[in-house]
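Visitor: Straight out of Swiss-Prot:
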ACT_SITE  Cys120  active site
ACT_SITE  His253  active site
ACT_SITE  Asn283  active site
REGION    254-258  region 'ACP-binding'
Amino acid sequence: MTKYAKIIGTGSYLPPRRVTNHDLATQLAEKGIETSDDWIVSRSGISARHWAEPDVTSSDLAVKAAEQAIEAAGIDRQSIDLIIVATSTPDFVFPSTACIVQEKLGITNHCPAFDLQAVCSGFVYALATADKFIRSGSHRNVLVIGTEVFSRILDFNDRTTCVLFGDGAGAVLLSASEEPGILSTAMHSDGRHVDILCVPGNVAGGNITGNPFLHMDGQAVFKLAVNVLDKVAREAMEAASVTPGQIDWLIPHQANIRIMQGTAKKLGLPAERMVATVHEHGNTSAASIPLALDVAVRDGRIRAGQTVLMEGVGGGFTWGAVLLRM
């Protein structure tokens, strides 16, 4: 049985359209809704986000990120034997976005491909799932992607949510290895909190039933997130006998700089050891962690042999952590 699942390549993609807080404030003002750069930055740390054009889908973003990860890994794409896509904004009700990505990438080896839906915890859940497949010995090269077009589900009459989210994709290639890779994973959920972060609508009989836009109780999410993120991070570290002092980099879900800083502080980690891209990306849900990872890998901050702690929290309520060696 393979001992580890190791990241051998990363990639990411942001749509070209960059929307600043000033741009968004101008757009909302036309609807009679007040906001400002200061208001958004002070509450979230977000200065800009990227939004996809109307004809661009989650799979389009995913393919761009995957191409980079495959190139970085230096492997034949036909050797990929499993594709997992974490998304809450799939191209269609079905088939899965993962199958669409498989076709667009030209992977013709009939490997399994499926979507995983855990909202902003999605990438952590997907990474943990891929880890289990590799450790079992059933698969050797797994493409894991987080991709979202949250701009499609934003209510632009609600300034408390529409200013927070962006679109994008991030990807990693995990490969079976005898060298340390993923050291531990931890995942949890609590369905009692379904209503604090959700899109409470559906399509039935060709009609939309309920609210098709994102709804969030920001205060409830904040309180729960800081609490569970600290606990799940410590759970993952304890499982691998790693202390906070041994963590080189913390990559939290990029939702809100205050939640991120609160989590780092509880763990006793200085801000300099936290990768933060929320100011430029906004909250990209399942894409946020792999996007931040790829940015830090490509700018040289994250290097081979370093210990990285990733943690995410999202609707459901879901949360999880992955501790790994690069």
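Glycine is treated like the rest: Cβ placed from N, Cα and C.
Help me picture these features in the structure, burial and contacts included.
Guide: DSSP gives Cys120 (active site) a helix state.
For His253 (active site), the same-chain residues lying six or more positions away in sequence with a CB closer than 8 A to its CB are Cys120, Ser121, Val124, Asn283, Ser288, Ile289, Glu311, Gly312, Val313, Gly314.
DSSP assigns Asn283 (active site) to a strand segment in the three-state reduction.
Broken down with DSSP, the region 'ACP-binding' (254-258) shows 2 helix, 0 strand, 3 coil.
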Visitor: What kind of secondary structure is His253 (active site) part of, going by DSSP in three states?
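Guide: Looking at the DSSP assignment, His253 (active site) belongs to neither helix nor strand, so coil.
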Visitor: Using a 10 Å cut-off on Cβ-Cβ distances across all protein chains shown, tell me which of the active-site residues (Cys120, Asn283) has the largest neighbour count.
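Guide: When each Cβ's neighbours within 10 Å are tallied, Cys120 tops the list.
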Visitor: Suppose you look only at the region 'ACP-binding' (254-258); what would the mean pLDDT be?
Guide: 97
